[in-house]
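Trainee: Okay, here's the structure, questions in a sec.
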Amino acid sequence: MNFELKTLSLAASAAHKCDLLVVLVPEGFLPGSDVLSTMVAHALKQGDLEVKPGKLLQCYAPAGVAARRVVLLGCGAADAHAVRQAMQALSPSFKLPSVKRVALVFGTSAQRGAIGAAVRAVADGSYVYTATKTKAEPRALLRVTLGVPNAGAAQPEFATATAVAAGVEFAREWANRPANHATPTLVANAAKTLAKYPGVQCQVLGPAEVAKLGMGAFLAVAQGSDQPLRLVELRYNGAARTQAPVVLVGKGITFDTGGISLKPAAEMDEMKFDMGGAASVLGVFRALAELRPAINVVGLIPACENMPDGKAVKPGDVVTSMSGQTIEILNTDAEGRLVLCDALTYAARFKPAAVVDIATLTGACVVALGGLRSGLFASDDLLAEQLLSAGDAALDPCWRMPLDDEYAEGLKSNFADMANVAGRAGGSITAAKFLQRFVGDTPWAHLDIAGTAWKGGAAKGATGRPVALLVHYLLDQATVSTVKPKQKTRSRKSVA
């Protein structure tokens, strides 16, 4: 699917040939004398159309319009939130087999973030999972044209939005795949494909190299599976070599049974999504490859399965992490923090400016925040503010949670330096306190995406969050935001 940005007035859009023309109608719409403006004005006057976000009126083959179908779509204040809400009401149309070319025209100048919201809504709404289906219909939508009053002024936001959409889709695709189609080795192979882009490098370590590094916690989780672990190291080099990188660490449990502390059978299939953090790191690098910001980024993915087996780690076992600290594993289903702690220790070798880990870590975070906001834990106030701001701008919000030292009391162990769990109370916080022991003085943040990485029910599937948040954060840190595409075409291709 290709996205295209054009300078297109409401009057000119009437001559644009497409299967679906969407006219976003904001509050205070001022009609001109052209056919579409007249149509909007009449619909508003007769009460057939409201400007409330998501209210719409459909017309088929109206006179004087080249599009086969026209949708007049209310978008309220026309800000990012209102445009997203409006576009979600239209989402089913983007999967219709007859809709191959869509034009989306803003009735007035688009507010900051509105173009990004529109691009993301179309990309998300038209996404079709086909990887393991033999008769699945592929995505029908081939081209999306965004018409704005001034394409040149909108170009930076458009470039970011299309790159983020591609990254989100890459993350969704890998998080959606069944565990036998997304083993640690296959996830590592997906990371290697990103190295074809300029500025991106990939290195993959196997069990022998990980053992040599002394990653006893990571090895302990993986030892119950026949699938060999992989430690993926992605690098994006967009700035001077002397510039300290931001390190992203994504939890990559490609299937989580809970190990010996076995999970209930109901909905265990959803544990293929336990590599949502890893998928988000892949998605971020997919977006960075397009945007090429002036920043250095390292992505680490400790990938393995957590399986019950005669070789599996047992409750009560004590292991030595890469940091040298010993851990009593009271619950083998608290495995994500075990693979992350060694990856966080490994991250120190890059002398990072900041470290952000991303993990579907705790059910407690789902209880606390639901599926709207990711949980944010941070050792540094400035880093926390930067991530909160980026999440708001990207419509991928998070919420800062506490990290008081007293929460770590429950991690005390009689047989090791610490236990891997501290009881049910404050479970998401105690998990973050566990991770904090492995980051030293480096500014560090932990995003618990257990409630936001996927959704259940009829629309079960990965969301691709928090790719948008992370990309916006990295762009904010970069000295040069993007390399502009050729002005002539103003088009971007997303992941198909």
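Glycine too: its Cβ is placed from the backbone N, Cα and C atoms.
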Trainee: Report the candidate from GLU169, GLU173, GLU335 that shares the Mn(2+) 2 site with LYS251, ASP256, ASP274, as recorded in Swiss-Prot.
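Mentor: Matched candidate out of GLU169, GLU173, GLU335, per Swiss-Prot for Mn(2+) 2 with LYS251, ASP256, ASP274: GLU335.
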Trainee: So if I draw a 10 Å sphere around the Cβ of ASP333 (Mn(2+) 1 binding site), how many other Cβ atoms end up inside it?
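Mentor: Here the count is 19.
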Trainee: Which are the residues of the chain, LYS251, ASP256, ASP274, GLU335 excluded, whose CB is within 8 A of where the CB atoms of the Mn(2+) 2 site average out, their centroid?
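Mentor: Residues close to the Mn(2+) 2 site, other than LYS251, ASP256, ASP274, GLU335: GLY252, ILE253, MET271, MET275, ASN306, GLY336, VAL339, ALA359, THR360.
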Trainee: Among the binding-site residues LYS251, ASP256, ASP333, GLU335, report those whose Cα falls within 10 Å of that of LYS263 (active site); none is a fine answer.
Mentor: ASP256, ASP333
Trainee: With the Mn(2+) 1 site defined by ASP256, ASP333, GLU335, which remaining residues of that chain have Cβ atoms positioned within 8 Å of the Cβ centroid?
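Mentor: Output for this site, in sequence order: VAL221, ILE253, THR257, GLY258, GLY259, SER261, LYS263, ASP274, ASN306, THR332, ALA334, GLY336.
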Trainee: Since the record lists LYS251, LYS263, ARG337 as recorded positions, which of them has the fewest other Cβ atoms within 10 Å of its Cβ?
Mentor: LYS263
